[in-house]
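**Student:** One structure, pasted below without further comment.
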Amino acid sequence: MTADKLVFFVNGRKVVEKNADPETTLLAYLRRKLGLSGTKLGCGEGGCGACTVMLSKYDRLQNKIVHFSANACLAPICSLHHVAVTTVEGIGSTKTRLHPVQERIAKSHGSQCGFCTPGIVMSMYTLLRNQPEPTMEEIENAFQGNLCRCTGYRPILQGFRTFARDGGCCGGDGNNPNCCMNQKKDHSVSLSPSLFKPEEFTPLDPTQEPIFPPELLRLKDTPRKQLRFEGERVTWIQASTLKELLDLKAQHPDAKLVVGNTEIGIEMKFKNMLFPMIVCPAWIPELNSVEHGPDGISFGAACPLSIVEKTLVDAVAKLPAQKTEVFRGVLEQLRWFAGKQVKSVASVGGNIITASPISDLNPVFMASGAKLTLVSRGTRRTVQMDHTFFPGYRKTLLSPEEILLSIEIPYSREGEYFSAFKQASRREDDIAKVTSGMRVLFKPGTTEVQELALCYGGMANRTISALKTTQRQLSKLWKEELLQDVCAGLAEELHLPPDAPGGMVDFRCTLTLSFFFKFYLTVLQKLGQENLEDKCGKLDPTFASATLLFQKDPPADVQLFQEVPKGQSEEDMVGRPLPHLAADMQASGEAVYCDDIPRYENELSLRLVTSTRAHAKIKSIDTSEAKKVPGFVCFISADDVPGSNITGICNDETVFAKDKVTCVGHIIGAVVADTPEHTQRAAQGVKITYEELPAIITIEDAIKNNSFYGPELKIEKGDLKKGFSEADNVVSGEIYIGGQEHFYLETHCTIAVPKGEAGEMELFVSTQNTMKTQSFVAKMLGVPANRIVVRVKRMGGGFGGKETRSTVVSTAVALAAYKTGRPVRCMLDRDEDMLITGGRHPFLARYKVGFMKTGTVVALEVDHFSNVGNTQDLSQSIMERALFHMDNCYKIPNIRGTGRLCKTNLPSNTAFRGFGGPQGMLIAECWMSEVAVTCGMPAEEVRRKNLYKEGDLTHFNQKLEGFTLPRCWEECLASSQYHARKSEVDKFNKENCWKKRGLCIIPTKFGISFTVPFLNQAGALLHVYTDGSVLLTHGGTEMGQGLHTKMVQVASRALKIPTSKIYISETSTNTVPNTSPTAASVSADLNGQAVYAACQTILKRLEPYKKKNPSGSWEDWVTAAYMDTVSLSATGFYRTPNLGYSFETNSGNPFHYFSYGVACSEVEIDCLTGDHKNLRTDIVMDVGSSLNPAIDIGQVEGAFVQGLGLFTLEELHYSPEGSLHTRGPSTYKIPAFGSIPIEFRVSLLRDCPNKKAIYASKAVGEPPLFLAASIFFAIKDAIRAARAQHTGNNVKELFRLDSPATPEKIRNACVDKFTTLCVTGVPENCKPWSVRV
């Protein structure tokens, strides 16, 4: 049968595709076929929003053009017939003009690495196309499907607030917490209230937007016909009528129906499932209809969830409240269901038929008694969605030929009450741990139960109803006895085995009770409002807040920084909030990342083949099936390596595993083929047989088996025995700190291009470490380093994850290019990246602290254990830094810290922002908080009492000079109004039984330098051209931290020329050799001094010409020097002086200086669910004399939010066999827009120049991250209040809270009558779903 032509529009241009393949996504088509690289691949599963585009079509049922955002990574091109696609390139560019959305995110400093920026731009653009004057709430909701790992979200929201009709300036009324008039303080120096000037923004003019393609508009009344698209393996049929659809289903009962592809697309990509026949019913009117009937509202099964949501919102606004109880429950679930990109395309019917056991909506539909209409050729039936509808895992009552035609969501009746609940790891766009729909119907005029439905997701392999429990409650009164009986019944009926998939067994069981208790209280409250209190009892006022749905105030933020001195030249940009130099290009999609480089004509694609066993011998590798895949070129392995297969920082790694694998994800080989799709299929065809060996997975396993790398590391000072003997109190404890995935938005990527002579090869790499990439590739190929050129334009984030681990990809790709003689490209998929490349080290610490009754610490002993993985990588240096930071900011006269590196069968863990420091400091604050509790003293008082003073020696004997921490502490106490708010928190906790607040203030001291002395060096190369323009190169790489921008500012001041004359193109090994990695927060310090040195050389050469022509211009002096045959090219070099520490003698300076900061955070926890919200954070940070306040504040906020993820949200789950469960944004949750503090206030400490760094600045990348521990300990403070109330224990009780403080840990720590009903016994031989590594 002949395939049809696919016709759609992209940015106004008509596209006619004669060979549309149903397996091709819009993202792949845009990037590879149309060359539109602005739309990015971040995850491939619709979870990050980097691929967001706007789709527009004429909706025949609504009779209007509709615009909606969508994830291009999931949208099959075959679904786009007669659709207009708008990408970031289509709304504006630097060559023409930026769209106001692009301009505002750039100028408000909302783009750092820039990889997420195009997707965020398109989410905002789509919102404005539908709502030119949105509310701030609508703006925040528009980004529920977008993630950013760099900025901390604040500048994005602040920039886009200028579009809001309820945002921006308050007109001087002072009624806005962000009022600019409130920000100007009476200081001796001028503080700036704004990082950008909104009045300079281009106004939004909706009339100037591109029009919908007239050709598509003319087709709106043309009858649709069935379409057929044939791919390599899959056929796609677009049915145009219901009859066609039913006939197709009868002919092909196994065909999959696809509307949004948000489920099937995931199964095809990540579960390797193949569906040869796909039928799309999206055009069929009956499946898209919305009908208001006498019993409820019916939605066609293909209705997008966004239509369901809008319809129900309208109904709730118009109908009596009593009639819309169910609607409000559905809306509460849809509120957190997913991002706009998913809700705009995912269908309500697809959500039901997918039959997910953790569905957000199915428990609600089941509890409401929703009716489903099922049809097949010749039959039609209506069934109620009850406990029989899902007979098993991912199964429904539908026969193979049947389809779901519609769902009727019922109106609620008089005396009927309904609630819906969901608890996930993250509030926004997250898969539920437990969901529930609950309904009760009372006999008229009474509180006697006539019907009760309690339905749950996440408590079995399907959506279930607690029938035994509910049947027992019929005819009972809505009173305490019923509550107790239901809770006892649920605990018994919904019991989970200890090895249940998904884990968190006690938490999930407790949630079933907590949800019912909330429902019970909500109904009690409503009955009271209806004057039925006498029949059911009165709601305790302290319980009332437990019934409140989550609400968040509009974001409020303050940024304070010291303005440049009066008289500073307008051209001197040092100290000014200059936007990131690439921000405009990033916002328009023009910035080029590694995978954006146009494909070479003869380019090949590579896919890694990795181990599925944690520890095993390789018995055989069979590539016969891989070779059958079209486009297959070769398989490479250790046997193909021409040089050395030994690699890694410590020479304990291999490029490819040869005889044995030592972790799941260990690279065994790679498949090379003509396209990424073919390489993926071929890689799946490689069959490996293993002989399994015993594996060590956890820190406890390593300790038990004495599995360590190297000897014990130790720092010791004072007389520990004497210190403990003199202490009034001694407390011992243990804390575990989980690992963290880097989750840079751009995964690892390398393009290797063989040059065809003398072994030369050019590599384009997303790496922080050009030198190691060069040397590792050269060693593997057996050629000198001078034959390998490594080039880095920019990275889409790094955070330490691309310091060493990028080489595991680069070496494999280089070998493939060497073997084939052709360019080879590899960009890891998100799941591969997370599986292979490691992350932050998990730590286990055992501590013992001695202290006086006054709170003064006199002795400390801490044993640190880190889970290193299967190779050492940078782990020793990371442990060393943890030991250097085990004091945080506190003077401890007698101290001993030890560190052991646990050798395990996990992928090697590596550098991550903070580099061991955050782990060491969290442990310190853990025992410090316990000192305060034991002494019965305010925590802030104990912390202040133990702080170092100017001139003190640390435990590693480095003298503290320029110790600004006390100033940061006092400023933060004052600006946060700590003491007044502490009283308010205490008052709130007395008045609220089931919600508690906590407040905490935390300091940080972070050492600046590589602790390996020889790395503290940098080079720069500066070319001045005869037109006066300057090309600058330095050894640092740009990953969003603004390093290139700062270096241009440094050069601009040094040369006394505008920044517009200076350009940085890239970082490469053939311009600046032997570079240190861009890491340790020192890149601006090191490279800034090298740039300065190069500038001084040029200035010295130009000096004679300036003297000859003092009134001349820069160009005049440059031309004169050139004519006089003077070199206009110079190198610069810098090394940090006086560094070098000895562990043997505990002497020498490991650091050049320290950065300091203090944060105060307030949180509110829901004791029943473990949910929490971050109410407010105040930060005071010492960054010296800021080179660029906008970039520095962005680093403070971004680091803080990344720390917020580390300490409260991000959790890696490994199976007992060492396989990572959490391999993408659907299972691993980084902070989202809604995760940040509602009030976020950042102040840079004024008048604190740092004489040890370029232009008196300070490092800023890593130091602020630990300040997020203020949220962790505020949560612990709130839990303490809950435990004191519900257990009757003394507030001096010590309890353990490991990091991260997830909802599970918070809820389980809030011990109460519900948790005691849900304690699961774990049999000795039970193998849990996940283990703590």
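Glycine is no exception: its Cβ is also placed from the backbone N, Cα and C atoms.
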**Student:** Check for me: which candidate out of Cys487, Cys509, Cys536 does Swiss-Prot give as the disulfide partner of Cys1318?
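**Tutor:** Swiss-Prot lists the disulfide between Cys1318 and Cys509.
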**Student:** Going by the Mo-molybdopterin site in Swiss-Prot, where Phe799, Arg913, Ala1080 are listed, which of the candidates Gln768, Gln774, Gln1049 is also part of it?
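**Tutor:** The record-listed residue among the candidates is Gln768.
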**Student:** From the candidates Thr698, Thr1011, Thr1026, give the one listed by Swiss-Prot for the same substrate site as Glu803, Arg881, Phe915.
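**Tutor:** My reading of Swiss-Prot gives Thr1011 as the candidate in that site.
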**Student:** Report the nearest neighbour of Cys113 ([2Fe-2S] cluster 2 binding site) in space among the recorded positions Cys509, Cys536, Arg881, Cys1318, comparing Cα positions.
**Tutor:** Arg881
**Student:** Tally of helix, strand and coil residues over the domain '2Fe-2S ferredoxin-type' (4-91) according to DSSP?
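**Tutor:** Its residues divide into 15 helix, 31 strand, 42 coil.
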**Student:** Where the distance is taken from Cα to Cα, which of the recorded positions Cys148, Cys150, Ser347, Cys536, Cys1318 turns out closest to Thr1011 (substrate binding site)?
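**Tutor:** Nearest candidate: Cys150.
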**Student:** Take the mean position of the Cβ atoms of Cys113, Cys116, Cys148, Cys150, the recorded [2Fe-2S] cluster 2 site. Which other residues of that chain put their Cβ within 8 Å of it?
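**Tutor:** So the extra residues in range turn out to be Ser111, Gln112, Gly114, Phe115, Thr117, Arg149, Thr151, Leu745, Gly796, Gly797, Gly1040.
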**Student:** In the structure shown, which of the recorded positions Cys116, Cys150, Cys509, Cys536 has the fewest other Cβ atoms within 10 Å?
**Tutor:** Cys536
**Student:** Return the average pLDDT for the domain 'FAD-binding PCMH-type' (229-414) as a whole number.
**Tutor:** 96
**Student:** Enumerate same-chain residues with a sequence separation of six or more from Cys1318 (disulfide bond) and a Cβ-Cβ distance below 8 A; give 'none' if the list is empty.
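**Tutor:** Once residues fewer than 6 apart are set aside, Cys1318 (disulfide bond) is near Ala491, Asp506, Cys509, Thr510, Leu513.
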**Student:** Can you tell which of Cys113, Cys148, Leu257, Leu404, Cys993 has the least company, meaning the fewest other C-beta atoms within 10 angstroms of its C-beta, among these recorded positions?
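**Tutor:** If we count Cβ atoms within 10 Å for the recorded positions Cys113, Cys148, Leu257, Leu404, Cys993, the smallest count is at Cys993.
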**Student:** For Gly260 (FAD binding site), list the number of other Cβ atoms lying within 10 Å of its Cβ atom.
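**Tutor:** A 10 Å sphere around the Cβ of Gly260 (FAD binding site) contains 27 other Cβ atoms.
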**Student:** Enumerate same-chain residues with a sequence separation of six or more from Glu803 (substrate binding site) and a Cβ-Cβ distance below 8 A; give 'none' if the list is empty.
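**Tutor:** Once residues fewer than 6 apart are set aside, Glu803 (substrate binding site) is near Thr767, Gln768, Asn769, Leu874, Thr910, Ala911, Pro1077, Thr1078, Ala1079.
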